[in-house]
Amino acid sequence: MCGNNMSAPMPAVVPAARKATAAVIFLHGLGDTGHGWAEAFAGIKSPHIKYICPHAPVMPVTLNMNMAMPSWFDIVGLSPDSQEDESGIKQAAETVKALIDQEVKNGIPSNRIILGGFSQGGALSLYTALTTQQKLAGVTALSCWLPLRASFSQGPINSANRDISVLQCHGDCDPLVPLMFGSLTVERLKALINPANVTFKIYEGMMHSSCQQEMMDVKHFIDKLLPPID
């Protein structure tokens, strides 16, 4: 089962307090699990929204001397010209699309689903949103980058999400994924989707982590895009 997505445990879920009419699927960063993010969303939840925080499968990661840890795909390096795990990224995106499909089967239309993630998970959420034919409500991309950026056209994408709303957040003291990566990603996104729908927020003094103000901004973004419908 090594490296097989079926080996990952069931996601951590913050259920809706009443009938769920919208969902947030949020992907954690390298070496983490969904539990901490589920706790964070429990603190900013809205009663009609279900929050799903899946756990990545455990796999050897080249960046960390091939040690096995939860990872959505292999990471070779953190410089702009590092080789990327193309097949792993694409396979992981299919896993996320299957999670979206599952919620659609549960009665939540894809345009009432926000995809998001932190660091490696944020990178995967951006890549999935830009390549899927499932029309999504938005993406919250925290402290991350756009993977396989050379695979995208120079002009706007021809997919379901060319008008998608994106909230991208980054700390200005991030030592792992420098703020420059976030800035370059925002510029790339503005060429691929409607630039009016891309918001970039920078948090002073924040490292490769989250903060209370960022979570409030995430809550505002989610609640604005996924209002109650009953």
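Quick reminder: no glycine exception, Cβ is built from N, Cα and C everywhere.
Features as listed in Swiss-Prot:
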type: ACT_SITE; residues: Ser119; note: active site, charge relay system
type: ACT_SITE; residues: Asp174; note: active site, charge relay system
type: ACT_SITE; residues: His208; note: active site, charge relay system
type: MOD_RES; residues: Lys224; note: N6-acetyllysine
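Mapped onto this structure are the features recorded in Swiss-Prot.
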residue	record	CB count, 10 Å
Ser119	active site, charge relay system	25
Asp174	active site, charge relay system	19
His208	active site, charge relay system	17
Lys224	N6-acetyllysine	12
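In the three-state DSSP scheme, Ser119 (active site, charge relay system) is classed as coil. You'll find the Cα of His208 (active site, charge relay system) roughly 8 Å from the Cα of Ser119 (active site, charge relay system). Counting only the Cα atoms, the space from Ser119 (active site, charge relay system) to Asp174 (active site, charge relay system) is about 11 angstrom. A Cα-Cα distance of 28 Å separates Asp174 (active site, charge relay system) from Lys224 (N6-acetyllysine).
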